[in-house]
Each structure stands twice: as C-alpha cells, then as structure tokens.
Amino acid sequence: MERRPLHLHLLLFFSAWLLLLLLQGVSSLQFRREDFPDGFAFGAGTAAYQYEGAAAEDGRTPSIWDTYTHSGRHPEDGTGDVASDGYHKYKEDVKLMTEIGLEAYRFTISWSRLIPSGRGAVNPKGLQFYNNMINELVKAGIQIQVALYHSDLPQSLQDEYGGWINPKIVDDFTAYADVCFREFGDRVAHWTTVLEPNVMAQGCYDTGILPPNHCSYPFGNNCTGGNSTVEPYLFIHHNLLAHASAVRLYREKYQVAQKGIIGINMYSLWFYPLTDSAEDIGATERAKQFMYGWILHPLVFGDYPETIKKVVGSRLPFFSNHESELVTNAFDFIGLNHYSSVYTSNNNNVVKAPLQDLTADIATLFRATKNDTPTPEFLPGNTVDPQGLENALEYIRENYGNLTIYIQENGSGAPDGTLDDVERINYLQKYIAATLKAIRNGANVKGYSMWSFIDIYEIFGGYNSWHYGLVAVDFGSTERRRQPRRSASWYSDFLKNNAPIRVEDGSFVSAASHAQL
C-alpha cells in the first residue's frame, strides 16, 4: 500500500479542520409561526394623523401636527389632511387585515377628534368613528392595541398653556385617557400611553424639526418659540408623570374588569462605538442612557440615571417622593420601536457651557455606517442589523430586569413604492428571526408588529418619503386606492399557512410562496 507524504496528511488534516470551523460558524435557523410562544401576537400598525385624514371633518379640531404642516415648515410641504383616508376606508382596511392574517392591529387615537377642545365635551362623531372601527376589528378577531398619544396634541392646549412643558398637561392627559378607557376599554387588549417620547424630546423641543416646532438660538432655527436647554427635559418629565397618572387610573378603575394591560413606548436604536477609544465607548454609553435610561430608569427605579443627572444638572426636573412612587413600576409592558443600529463617537466639538441643549448634553455623533457623515441628533439609521435588536433586548434585561416587551414597530421602506418589495421581505424575516432568537435566549418578548400596515403620511417625508406599508396606497388618486404588496402575501403565508422561514449563514430565505391575496 502506497504511503502518502506527510505534507499531504497535514494538508488533509488542516483542510478538514478549516471545514469544521466554517460549518460551526454558519448560522442555521428555520422556523415557523408555530415556533413562537403561546399568546405571542403578530400585527402591524398605523398612527392617527398619518393614517386617518378627514382633518376638518365631523368636529375634529387642529392638532399641533396640523398647525405645523399647514405652516409650510414640513420638509415636503405636504399635510395629513387626507393621508391614507382611513377615516372613510377603515372597513376596507380591516378586510385587508383579515386577508393578510393580522393577529393584532396597533393604532392611535386622535385626541383632537375625540375631545376637540382638549378637555371637556366628547365629540359624538369622533366617538362613533373609533367605536365603529374597534367593532370591525372585534368582528374580524383581530387583537386591538391602542396608543393614546403620538405627538398630536390638540392645538388648543398648546395655545392655552404650552402643552407638554406645563404640568397642567398631566390632568388633561389623564382625563383624556379616562374617556378612552371608559368608552373603548372593554374591547382593547393593550393600551400604550405615549409613543417615542425619548426621541420626540429632541425633535420637538430641541432642534424643533417636529411639532410644536420649539427650539432656541443657537440650537435650532426657524422655530415658533421655545428653550432648547430646558424644554426637552420638561417634556419627558411631564410625559412620565402623565403616563404614570393614566396607569394609576387604569389600574384603580378599569383593569380588573377590562383585563387589559398598559405600558409606554420608546424608540430604540442600538449603538456601536466607532472605535475602541475610551471617548467613543463613553459616548456610546451616554447615548444608551439618553435612549433607554431616560425613560426606563424612572419607571424601574424611581429616578433619572446618574449619568443624566450629572450632565444636565439643575436643568433636569426632579421627582418628589410622591412622584417617584407614582412612576415606579407604572407599566405592565414596554413597547419598542426598533428599526436599525448606528455607530457612535464622542462629539469633540461640544464645549461645556453654562447653558447647553439636549444635543450637546448627549455629546455624541451618530453614523448609519462607519463612513457616513456624522450627525449629532438621534436620527434613524438605514442599516439592516438584526443583531442590534437582540443587543437592545439584552441590554434592557441586564440593566432593568426581564421586562415584558412588545416590538411595536419594526420595518423597512421602499423609496419608489414598488409592489415587488423583496428587500422589505428580507428585512422583516431577519428581524422576526432575531426576535425568536432573543426569546430563546430568555427575553420576555410577547408580540411583534411591523411598520406599517399601509402606506401613510410619513413624519419626515410626507407622501414623497419611503413607503413602509404592506399595502400600497396610490396617493395620486382621490380614492386613495389600495393594493397589497408582495410583502403582504409573504406575511400572510407566514401567519396563516405556517410557512417556514429559513436562515442560513446570515441570509434569510423564505420558503413561503408569494401567491397573491
């Protein structure tokens, strides 16, 4: 028998060893709808100003969003006057939800439609609209998840006392929540008080790029008033107090009979330090405190994080003993809106000054990719990084306990509104897989809703923005014609037919068919 040279044996050995390493490094996961825990609900969402339209119909009065868009300050110079026309087409939309197989639908209520003066008399037409839509969802067997507020304060309250920067908002918000709980709570499974306050603080009250368009020089331009050094902190403080007040009301007056749950929502970016320098690592941790700790630390521990207290100093409101007790544990769940991750670095241009704004307090630069031009504001990235969602969930678990979490928004837009949205399907598969992996690693995630059910008037881009909907809307038509995208068929196959998603080596490939609805 012929002997092989030693170098050949070594070559074969190292080849086999390398192949084994490569195989071990291949991530392989195949899963179906049935692999998620009992009680887990898949859904999609919309928001009132962006979806309903009918801005001046049936007693609705202007919100701060109406004022902002009609002032011409919106970058696309459009308004939500018609939006997706959900006010008139909700029955058609619920039928589409049923055809897709949505298990849950998260929408927001327009405070200005339900209580046009901000407080006091309830608008019968507004009440009828929400009751009718909720009843359609009940008939369809779709779980109802309602958010009370998404940056659309009645303009009357903004004019009267400055809205969220005034403590009077706590009582008015609680009274508004009381109406919602009383009128709709027998059919609502989940209540979310406020959406994304942690990033609205910057956009609404520091840079002023969102309503009520508040900022102060030199921190922002072309604003209607404001003080960038203190108003972001007043906004968050009163959000937390209003949220906690509504939670206490719900628990004391409604929860036992209605058997729903209540929580608050946060925007969630994940952060990677641009370099391994101490400065960039410090900036990353600071960004996490302002993104997560600003909301979660008071809700879990009764006070703001030490990092924020140290940076902001006397500009940061404080909780009285009573308020600290009120906010602590004032939630049944936390909602996360998570889309992407960013790279973070220390903002060396920030000079410590007696008065500085929220952006300077964060003192961090953000990049969607390492080579992007940095920005000092919390702005959504466009990277596809499902590991970032897993990291965010693990960070929350390590720092605040294994809280009940609902992924309330996650999605990807298409710039041209294409119906053949394969990239969106790939994105959604990756993040749904990441959600399942996080659950298997111990995260207490109870639901996932993609953004959005239907094309809407987008916050930053209006009608000319990227389109996020499972269902396309022809905004050029007066009828606002609907047409399901390929992603709607894929989601339907996953939800209704238990079609598998296969994950191989970082590539997420659906085995589901794409039959048209």
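Cβ atoms are placed via backbone N, Cα and C, with glycine included.
According to Swiss-Prot, the listed position annotated as N-linked glycosylation site out of Asn227, Asn371 is Asn227. From the candidate list Gln50, Gln255, the residue Swiss-Prot records in the beta-D-glucoside site shared with His150, Tyr339, Glu409, Trp451, Tyr468 is Gln50. Within 8 Å of the Cβ centroid of the beta-D-glucoside site, not counting the listed residues Gln50, His150, Tyr339, Glu409, Trp451, Tyr468, the chain contributes Gly45, Ala47, Asn337, Gly411, Ser452, Ile456. Here the Cα atom of Asn222 (N-linked glycosylation site) is found 29 Å from that of Tyr468 (beta-D-glucoside binding site). In sequence order, Ala44, Gly45, Asn337, Tyr339, Glu409, Asn410, Gly411, Tyr468 are the residues near Trp451 (beta-D-glucoside binding site), counting only same-chain partners six or more apart with C-beta under 8 A. For Glu196 (active site, proton donor) paired with His150 (beta-D-glucoside binding site), the C-alpha to C-alpha distance reads 8 Å.
Taking the Cα atom of each, His150 (beta-D-glucoside binding site) and Asn227 (N-linked glycosylation site) are about 22 angstrom apart.
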